[in-house]
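Written out below as structure tokens is the structure these notes cover.
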Amino acid sequence: MKSILKKAKHFFHTNETVNGENGGEKTAKESESQQHHQQQQQHDENGANPPDQGVDEASNVSQSQPTTSALQTSTSLQPSSSLHQIPQSQSSLELTTNPTQQLPTTPTKQLPTPPPPQQPHSQQQQQQQQQSQSQLNNNDISISTNTNNTTNNTNNNNNIDSTLTTPVPSSENLATLSTSTTSEQQPNSQPTPNNTNTTTSPPPSSASTSNLSTSTTTTTTTTTTTTAAANENTNTTQEQTVSPNKPPQPPNALSQSTTSSSTSSTSLLSSTFSKFKIKLGSGSTKNKDSSSAPGTPHINNNNNTVSSSNKNRSTLVITPGSVNNNNNNQNNHKNNNTTPDHPPEEQKPVEKEVITIATLADFPEDCQKLIRISGIPEEKLIKNIQILAYVLHFRTGRFFKLVDEPPREPRKKFVSERFNDGEKLLEPVEPALLKKMYKDSDQVGKGGFGTVYFAKSTKEKRLVAIKKMPHVTKRQQQQNFREAAILAKCDHPNIVKLHTCHIDKDSNLWIVMEFMEGGTFEEAAKAWKFNENNLAYVAKELLKGLQYLHENHMVHRDLKSANIMMSVEGKVKLIDFGLCEDVATSTPMHMVGSPFWMAPEMIQQKYHSTPVDIWSFAISLLEMANQRPPMMESAVKAMFTVATDGATGFDDPALWSDCFKDFLSLCLKQDPAERATAEELLKHPFIKKADSRDNMENILKKIFLTNSLMNSGF
């Protein structure tokens, strides 16, 4: 009898646990319980095993023996029934969801339930939830988004990259969750969120905390984060990359627990921004499903400057001043490497610095040094300070203006229409084939406008001279084509002949000209002491070439010994027409050329024309007679003296005849209008003293063959 009463007592205790508050059905259940006790008593008397199942028709609940460690309950309740959470010592009622699926944003309607028993850590969990909610409400949210500013874009799919960054609480076990989202936006419509491959849960509430809990594990034990981890994550932003096939890993402070209580802050953030696709990682990490539209503006939170990008991803960063994200922003800026999607505005030309001069002491120190080296008397410099300013401008590139200088009329830019077709001279040849067309190239000279080589043309089976010049900028192209066009129009035995033009792979223009075996007038003057007959021969050849140029309204403007070629055959020709000017429709004024051969009117920055070539021609003859240019010790002194006093003359006048002196005096008149022309000089008696060509061939062969042997090491 005692055993029967003990079992009955246990039965009533179990029935109360299952049915809870259904007290209205107690009477019917007691009658059924008596019948059940009788069956068990009969079973005990017979010594058989207890039945497998006891069916409670009122509750329809399956039960097992009381000694079972876990009570697994499968319920099919009436609308008035409710579930009671079983104490933790017995079992756990778990709702396991696939972490790759998204929970519905609207929770299902739950049946009324009594408050569940408190878990050991429930009070701590509620405190964490309240603190996290207050932190999220009080702290600003830094939103970093990639968007296309063009609202009238005709594309139907415009990708928007967004980065959602929550500020890090300074005293809680929270970590910054950096979220990058991608959504498709239709024109003039709201963005449609993409599928989310993350486990999210709506914000917990007092009525449905236990029913809406989701977990990726099989236990409900809550793990607590350490204070050290929270402190470490306070000043840093941790970012993780989410694989399309794997659920995202939470930050360090949240990675130890994925239950509802430990992920309360994550659930709040996920539910608030559930319409975004979460992609944890740096701003520079690319995703197949997300791409920023070209030309996306970039605002740096440090200085709020705006830029845009065509190639790289850019982000729109709006950071409140209360959150310190300088390090993260700097890293994002480095990763983005944004470049403008439109060419930068052309830089305005830098205004030239003009130095006002009243006395010699007003010149800068570098100019003062050049003045001291020249050795020009101070009284002469003060008297001609304007000329000194012109000379120093040519030598240093600085601009000077006298205090009492009268205003000058602006310079006119003249563009000749006769020599603007040099591009037509280009021969259509692949740049890679140029080395095959011209073999055995060897450098023979180098100047300010390019480098000269001689080579063998495989096509023409002859030696040629090739002048290579940089051909990149617009100004270089204009000057190079201009020189080629002038040479193409010149057809004279005393002017070097043009063959063709090419452009190589390094953007250099090749001007292919006739090859002259020999050297320059400068080299010959240093190697040989010429007499008047030799000089008369050279003067006659040069004057014929100058006469041809001047009659065709062209001025060389850079005539000097280095631009005069002499061959072993006795030929004398003008080369290097890079500064040649068309004076048929213009009168140039600016200062160009070489300082020792420059005419006075050019140094004085006056309008000049063909007489400047006559002056330079005479200085070249003086160089040949003296075996050096006049006043070689100082370019400033040479230019200043020429502009004020004129040329100096012979080093040893006694060695030269009056005929030669008279010839040079006609060429070196200070006033260009009084200077003799090339046609007049060809009629001068000095020209009649010219040596024969055969004799000049022998002299030039001795000069240049000796130089060749010396250069070859023999």
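Quick reminder: no glycine exception, Cβ is built from N, Cα and C everywhere.
Taken straight from Swiss-Prot:
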ACT_SITE  D558  active site, proton acceptor
BINDING   V444, G445, K446, G447, G448, F449, G450, T451, V452, K467  ATP binding site
COMPBIAS  1-12  compositional bias 'Basic residues'
COMPBIAS  23-35  compositional bias 'Basic and acidic residues'
COMPBIAS  62-83  compositional bias 'Low complexity'
COMPBIAS  84-94  compositional bias 'Polar residues'
COMPBIAS  95-111  compositional bias 'Low complexity'
COMPBIAS  120-166  compositional bias 'Low complexity'
COMPBIAS  167-177  compositional bias 'Polar residues'
COMPBIAS  178-241  compositional bias 'Low complexity'
COMPBIAS  254-267  compositional bias 'Low complexity'
COMPBIAS  282-294  compositional bias 'Polar residues'
COMPBIAS  300-314  compositional bias 'Low complexity'
COMPBIAS  324-337  compositional bias 'Low complexity'
DOMAIN    438-687  domain 'Protein kinase'
REGION    1-267  region 'Disordered'
REGION    281-349  region 'Disordered'
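Structure with Swiss-Prot features highlighted.
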| residue | record | DSSP class |
| --- | --- | --- |
| V444 | ATP binding site | strand |
| G450 | ATP binding site | strand |
| D558 | active site, proton acceptor | coil |
For the C-alpha pair, I'd like the distance in angstrom between V444 (ATP binding site) and D558 (active site, proton acceptor), rounded off.
20
Taking each of the recorded positions V444, K446, G450, V452, D558 in turn and counting other Cβ atoms within 10 Å of its Cβ, which one has the fewest?
K446
Return only the integer: C-alpha distance in Å from V452 (ATP binding site) to the residue listed as 'active site, proton acceptor'.
17
